[in-house]
């Protein structure tokens, strides 16, 4: 093989682990930063991540693991960020190496809570990284199925087609197909919004609504997503492509979805706090709801589902009443 | 209440039973034709259908049951047909009363195998019923959830808005919301095509594909459906409305779906014959596939999913190989 791109993954969770696994199918060396020294030792010895996505077998001989983010950032040209959005800022604060000349791909499906920005915009505004050096890796893709090597399709978006292609090539294998897109803003908003709709699906389920209603909710959600994204970044896009509709469906319908689980608990009467305590992982949709609500208030998009979820999660409204009202706004 | 419309339901299966239940919420008398004298006696005594949708409680005092289709047809102005499409022609052959002046609504989600036409077209061509007197009742709606009185949304389509409204009013209740549409052809094709995509989803599941792939399949299916319907009847429609996308999702994702179950058996290696023998009900998608394939060959729509299902069900192709080929055509 010719000279390989120098790619590192930032983050030690399930999705980071899945991406590392994909990369090991093509690259001889992958940088991988995670906080836990213990996890690093475990991976080196046992070829799998002890806490997240345990079932994914990873060839540790190809990994350049480090618990020092600065070492990893300094050594690699392309950084794939896959930490939960709530931890991004605190991770970036550790940096004393410049990011300016790096190529940044975000595999974070959420909004940066501190700035209310999607990840690409955050890197652009806070670190002066031009959009040409920013990209997004998006599903529909549950990490769990990557571990099982079940066929999955990824969309890689960047304004620079060459960079999208390069990452696409590094990720694809017999169980991963990749597609490139130039809609970096739209795919990233879709990845964030779908988590809110998955929370909504969970709340509805928890309240006792059935499959018939669920399909109406998803059919309204994709129309709402289209309206929202159009207000944020107008361009020609087919909202029914896998990166938008597919990503919504895999999250809204799947038992793996943490956002759906979180919503389900809310629908069953848990408070936000107790639901969050019960779950060991953070539901991205919780933060996404707050930001999306704010954006929607500014741009005036008609988004009854986001509104209902916001009212339940942040305005202390009764889920049952709020969703009853919502049913009259759907069709 | 003022003068009520004279509505009868033709058919004794699950969906017919669900529709009758909806009508009992609004009307004092509903005509109901079914073949089985035994079932009729059972319903009169026990307020539920013995074989289909047993869990639905129906107020039998409001029912004008008959096993004579001619009696029912002669007595009522509006006929809602809800027999499996494969039995429609044999039921209609029993008729010696004219249909010409009747208003016909189809709740049949399929194609008439003998003519290859959707039900509305069949009544129009074979019985000279003008399209103004024809309508469609479509989901997303599993009969099982109607029995449970879980909130469901129906779309009622007709060229004559007044008739659609009238049926919508007769069906709606605290657990049924209705919406009207003028896209009688599009909604009926959608109701038929979604069964093919549910068979495809089942085959994929049976072959071992996971949720990630399923979401890609559905995202491609809705785009394929849009292309197909556009070729058949071009008009402005939002394919993401509940009658199209919602109906696709409820069928493709739900455990209640017979089409998905049928596909699943095929994916697991059953022959078409053995799968059909194993299931007590007919999977509409089986017949729909043949007709849709023929239509698609005539109009040239790009429909790789229909093609793959056709090849497996009718051209004796290996499901595993055929779906492997299909995965390369999806994105």
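A Cβ is built for glycine as well, from the same backbone N, Cα and C atoms used for every other residue.
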Q. Looking at TrEMBL, B:258, B:259 are annotated for substrate. Which of B:102, B:109, B:163 sits in that same site?
A. B:109
**Q.** Close binding-site residues near residue B:194 (active site, proton acceptor), where close means Cα within 10 Å, chosen from B:87, B:143, B:258
**A.** none
**Q.** Three-state composition of the domain 'Glycerol-3-phosphate dehydrogenase NAD-dependent C-terminal' (B:183-321), taking helix and strand from DSSP
**A.** 104 helix, 0 strand, 35 coil
**Q.** Collapsed DSSP category at residue B:87 (NAD(+) binding site)
**A.** helix
Q. Among the recorded positions B:109, B:194, which residue has the largest number of other Cβ atoms within 10 Å of its own Cβ?
A. B:194
**Q.** Distance [Cα-Cα, Å, rounded] between residue B:259 (substrate binding site) and residue B:87 (NAD(+) binding site)
**A.** 17
Q) Is residue B:143 (NAD(+) binding site) helix, strand or coil when read with DSSP? A) helix
